[in-house]
Amino acid sequence: MDRSVEVANMTKVHQFILLGLSTRLGIRDALFAIFLTLYLLTLLENTLIIYLICSHGELHKPMYFFLGNLSCLEMCYVSVTMPSLLMGLWNGLHYISFIACMTQLFFFIVLVGTECILLASMAYDRYVAICRPLHYPLFMRPQVCLGLAMTSWLGGLLVSMVKTTCIATLSYCGPNVLNHFFCDVSPLLNLSCTHVALTELVDFISAIVILWGCFLMTMASYVAIGRAVLRMPSTTARHKAFSTCTSHLVVVGIFYSVTIFIYARPKRIEAMDLNKVLSVIYTVVTPMCNPIIYCLRNKEVQTAFRSTMHWS
C-alpha cells in the first residue's frame, strides 16, 4: 500500500490548474468585464500608436521607432497573459496543459527580458539626444536603432530559452494547483518536487544580469542627462529637455519597481496573493497606461492623431 502511494506521488503532472484572481462568482463576473475592456483598450491604443508611427513621416525618428517596438511588445504582453486570466474568471478555474504552461512561460520571459533591454535602449536614445546632440544623427542612425531593437528581442529570447529549459526539466509530481492567473516562475518553482537550487540560481543570475544590469544602465543614462540639464543656462531649455524624459522615467519606475521586487530575489515567493496583484500591474495596467503616458504630452503624436482623425 505504501509503495503504491509512493508511486502515485511520483506521477508526472500533465496539466496545471490556475486559480486565477478570485473564485467568488459575483466578483469574477465584474472582474471579467473589467479586464476584457482593459484588454481590448490596450490592443486598440497600441495598434493606434504603431499605425501613427508607420503612417506619418514626422514620426520616423529613433524615439518613435523604439516606442513602436514597445507598443508591439505591450500587445504581446497582454495577449500572453490575459487569455488565461479571462478564462479563469469565466470558468472559475483554468486548466492548462504542461506544454501550454511552459509555452506561456517561455513567451512571458521573452517579453520581460526584451522590455528590460528596450527600456535601456530608449534611455540611451534620450542620453544621446540631450548630452550629445551634435552626434545624434551618427550615434542613432537607422542601423544602430535596428541593432538595438534586435538586441532587445534576441536578448529576451536567449534568456527565456535558458530559464524555461531549466524550469521545464524539473519534476512536478503534484499538487498541480498554481495560485496565479498565468504560468510564472515562482509558482512553478513552488510546485516542483525536485531540488530547485540550481534553477533558482539560474533565475537569480539572469535577473541580476538583465534586470539589474539594464536598470543600472538606464539610471546611468539619466544621471548623465540630469547633470547636462542642470548645466543648461536657459530655464526653457531645461524644461524642454526634461519633458522629453519624464514619460520614459515614469514607465521605467513602474516596470522596474515591480519586476525587481518579484524576480530579483534568490528565493521563492510565498506571498502569492501579493505576487498576483503586482503581476496585474505590469501585465495589464502598464501596457494599457504606457501609450497614454508617452503620448499625453507629446505634441508630435497629438498632431499626427488629429491629422489621422481629420481634426483641425
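Even glycines carry a Cβ here, placed using N, Cα and C.
Listed features, source TrEMBL:
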- 45-294: domain 'G-protein coupled receptors family 1 profile' (DOMAIN)
- 30-54: transmembrane segment (TRANSMEM)
- 66-90: transmembrane segment (TRANSMEM)
- 96-124: transmembrane segment (TRANSMEM)
- 144-162: transmembrane segment (TRANSMEM)
- 204-225: transmembrane segment (TRANSMEM)
- 246-265: transmembrane segment (TRANSMEM)
- 277-296: transmembrane segment (TRANSMEM)
Are there residues at least six beyond either end of the transmembrane segment (30-54) with Cβ under 8 Å to its Cβ atoms? List them, or say none.
21-22, 60, 64-65, 67-68, 71-72, 74-75, 78-79, 82, 85-86, 89-90, 284-285, 287-288, 290-292, 294-295, 301, 304-305, 308
Could you check whether the transmembrane segment (96-124) and the transmembrane segment (246-265) come into contact, where contact means at least 3 Cβ pairs under 8 Å with the two residues of each pair 6 or more apart in sequence?
yes
Would you mind listing the long-range same-chain contacts of the transmembrane segment (246-265), meaning Cβ under 8 Å and 6+ residues beyond its ends?
112, 115-116, 119, 122-123, 126, 185-186, 203-204, 207-208, 211-212, 215, 218, 222, 275, 278-279, 281-282, 286, 289-290, 293-294, 296-298
